[in-house]
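Peer 1: So TrEMBL lists the following for this protein:
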- B:17-34: transmembrane segment (TRANSMEM)
- B:60-79: transmembrane segment (TRANSMEM)
- B:64-183: domain 'ABC3 transporter permease C-terminal' (DOMAIN)
- B:107-129: transmembrane segment (TRANSMEM)
- B:149-175: transmembrane segment (TRANSMEM)
- B:204-224: transmembrane segment (TRANSMEM)
- B:236-262: transmembrane segment (TRANSMEM)
- B:289-312: transmembrane segment (TRANSMEM)
- B:542-563: transmembrane segment (TRANSMEM)
- B:589-614: transmembrane segment (TRANSMEM)
- B:634-657: transmembrane segment (TRANSMEM)
Amino acid sequence: MKNILAVEKIEKYYGNEENMTKAIDNINFEVREGEFAGIMGPSGSGKTTLLNCISTIDSVTTGKIMINDKDITRLKPKELDIFRQNELGFIFQDFNLLDTLTSYENIALSLTIKGEKVENVDEKIRSVATYLGIEDILNKYPYQISGGQKQRVASARAIVTDPSLILADEPTGSLDSKSARLLLEKFEKLNTDLNATILMVTHDAFTASYAHRILFIKDGKLFTELVRGNDTRKEFFNRIIDVITLIGGDDNDVF
Amino acid sequence: MYFKIAIKNVKKSFKDYSIYFLTLTLAVCIFYSFNSLESQEVLTDIEISGKSYVDTLSTIISYMSVFVAFILGSLILYANNFLIKKRNKELGIYMTLGMSKGTISKILIYETLLVGALSLISGIMVGLLTSQGLSIMVSKLFEINLDNYSFIISLSSILKTIAYFGMMYFLVMIFNTYIIAKYKIIDLLTVGRKTEEIKFKNPVIYLITFLLCILSLGSAYVLILDVGLDPKNFKFILSIILGMAGTLLFFYSLSGAALYIVKRNKKIYFKGLNIFVIKQINSKINTNFISMSVVCLMLFLTIGILSTGFSFKSALESGLKGSTPFDASAYLFVDEEDEIKNISTALDNLNFTFDEEDEVVFYNEYTKDLKISDILPMEKDLNQFQFEVSFIKASDYNNIRKLEGKQEIQLDDSDLLLTSNYSELAAEIQTFMDDNDTLKLSDSVYEIQNTDVINTNLKTDFAENNLLTIIIDDAFLNDASVITSVVNIEFANKSNSQSKKDFEELMYDYKQGKIDPTEGSFILGNTRSQIYEENKGLTTTLLFVGIYLGIVFLISSMAVLALQQLSEASDSIPRYISLKKLGASKKNIIKTIFVQTLIYFSIPIGLALVHSIVGIQVANDFISAFNKPDIGTASLITAGFLSSIYAIYFYTTYIGYKNIVLSKI
């Protein structure tokens, strides 16, 4: 199966020569088509910087990021916008829904920004809404629906453009556990039924346990990698906890 | 320490709130300019007919200034409210740090003082310049010689401006202290996160109200076009009320109805960021429909006042040439009961004599109890046709012509001449004469000798008010009764005539009621120069008050629109961040901001323009009673002025909006 995302030797520095912080320090990894991958790490580990670089919001200092065999670090600003519209779908912790628009319009917006044909818009929204179980709330405004519903609308918005890669940044961060579980089940479904490639950043072990493979990042470096394989979610969850304890243990050694 | 915080905050506000400063400065500048008129030296010299119009002008302006101060005060409070709201979070942080409410109020008071002082200084500086321009304009309008022009700084007006604006700033301080006292920390800190509930009612409600709005505006227009400028008429008042209600309904329903329609047009709705733009405007208009209606009405007043004000003035003045053919005229209305039926006798009774070299012509206007509509079959039903037709003997008319330096006219006993210069009526009579060569009077048919209506005043008066005067053979009027007895005078000594002075004094005494009418009946009279000066004084005063109010209205409305847009900008930052993350390009986002600001600025002005077209039409009908107005120049000046202020505010707002958003995405 081909690689959707290939991150090659990327580094990201902040500050000047005398006082330099390496937010990302030589990270390499791949995400294959149809994979549901997770990135975990304590705060300050560089996971958000990594996601920002992949999502073209931030730029790397050195290295290559290939998405669908295209090096996005070499794209011009205009090409970046078009790339973002076509290849990427975003799901954010704080939903980022526009409060002036109904759910329907929020989903429509990502299609219209992309320049989708007018006659396809409605049909695409309906089908993705059915899939995520939000047909009933399409005409409601964000303030009228619950957090879980908002995140499902945001997910619908992310996948409606049929992107190569869905980037989810702490998607369950603002949700209660029941809504979180519901959302993650939808993610699983998207992944298995529609073969959607998902890269999810989280610091929550439960959320992470839904992924197939987890990359652990610490101090800007790839710390370790866990593959779920044939484990049950419960077993995978326990292994994740072990790694978290290990990473946390390092911190404890300092004192 | 607190003063330092205040200074820093003001520096920050300068960048964020250029509109606030622009408005304060403009307000101070205008207030000073108009109030300093009385001190402009060139203007204090002019004395006309015993009273100074500039005095009257500055008195009226100082009264208006109270009203203006009220408007500007409300505007400043409104703007200040925006500033405070924007800073809720900052104030909340001060409070969590343990700063007492009293101290916060103190910081805000320092800030207001600073802002106030700065805007006063800059406003008065600009005002010093504009007031010179204004005084030049006044002297042009009053036609005063500008030989001894000097740059004037009016201390009293500066003090007055400081006092008035000081009061307003004081109110702002009290208001801020009150607001702070009311606040709870939690509200201040979370205010940004609370998403405003956007209430959209059923679109059917908007459609129905929109229909109601069109109905009420439509009937208001029809009513006012029908009844004209007649404030006492019930229909007039009704149309004003309907117009205001219609405007309110318009802004209430507009966005909802527009949304309903646009939603049905998928080509527009699903194109680029259109959904976003439409909803942005929609939510903004929905929450601000009342203030937008007020802005629209104010703009309408401004456009109306400025464009008709100038044409009113030029119409009245261009009419003067035709209305004053002689140096002076005096006349006496004659009733059946009156003993004295002749102005010459009346003047003799008063022992008034003209200079021997003055040329004087006496004549009488007669009536045959005929209405204009009795003898002229007119298509249009104009009120003027209810007036009586005047007759003048041919011999008298020839004397008048001689006085004017024109050739005498030979009139047969079956001939007559038609004279009229009362704008619309004269045109109607001309149409009649184009089709007819004869006129039937008292069962006999007369030949109309002139082919074109003679459009002159037969006596010097304030307006061209010769409705219809028929010149006819003397014999026809032998048994007719006199309605007016007139004397026309050309003074021998044009520049410095004793009899002219005597004449003016006599007429002045009549107007003041110093002469008992029983002694010599009531004589009305004016010299040409008096008419010119009075007219100028009146129209210029009116025009100035109009311009003053117009500018204040204009600036207020523009400031309100701009402030609403800018507060929207900071409220919308999260939305733009989302858009950017969704992949919308910077170029498209900037375009969105431009379109939004443009639409928001255009809608109130658009409706105001529609109102104005009707309003100006009505005002024109009224003015054309005096003279055909030349609306073109005035409209151009108004349009130019309006669009430059509009452009300044629009551009400042657009740039401000853009900067606020781009700094965050």
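Using N, Cα and C of the backbone, Cβ positions are placed for all residues, glycine too.
Curation plays no part in TrEMBL annotations; they are all automatic predictions.
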Peer 1: Short question: most Cβ pairs under 8 Å with the transmembrane segment (B:289-312), which of B:17-34, B:60-79, B:204-224, B:542-563, B:634-657?
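Peer 2: By the under-8 Å Cβ criterion, the transmembrane segment (B:289-312) pairs most with B:542-563.
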Peer 1: In the same chain, who gets a Cβ under 8 Å from the transmembrane segment (B:634-657) while lying at least 6 residues past its ends?
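Peer 2: Result: 16, 18-19, 22, 302-303, 306-311, 314, 554-555, 558-559, 561-562, 565-566, 568-569, 593-594, 596-598, 601, 605, 616.
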Peer 1: Cβ pairs under 8 Å with the transmembrane segment (B:149-175): which stretch of B:17-34, B:60-79, B:107-129, B:236-262 has the most?
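Peer 2: When the Cβ pairs under 8 Å are tallied, B:107-129 comes out ahead.
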Peer 1: Which range wins on Cβ pairs under 8 Å with the transmembrane segment (B:60-79): B:17-34, B:107-129, B:204-224, B:236-262, B:542-563?
Peer 2: B:542-563
Peer 1: Apart from its near flanks, which chain residues at least 6 from the ends of the transmembrane segment (B:204-224) lie with a Cβ under 8 angstroms of it?
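Peer 2: Distal contacts: 235-236, 238-240, 242-243, 245-247, 249-250, 252-257, 259-260, 614-615, 618.
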Peer 1: Please work out the mean pLDDT for the residues of the domain 'ABC3 transporter permease C-terminal' (B:64-183).
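Peer 2: Mean pLDDT, the domain 'ABC3 transporter permease C-terminal' (B:64-183): 83.
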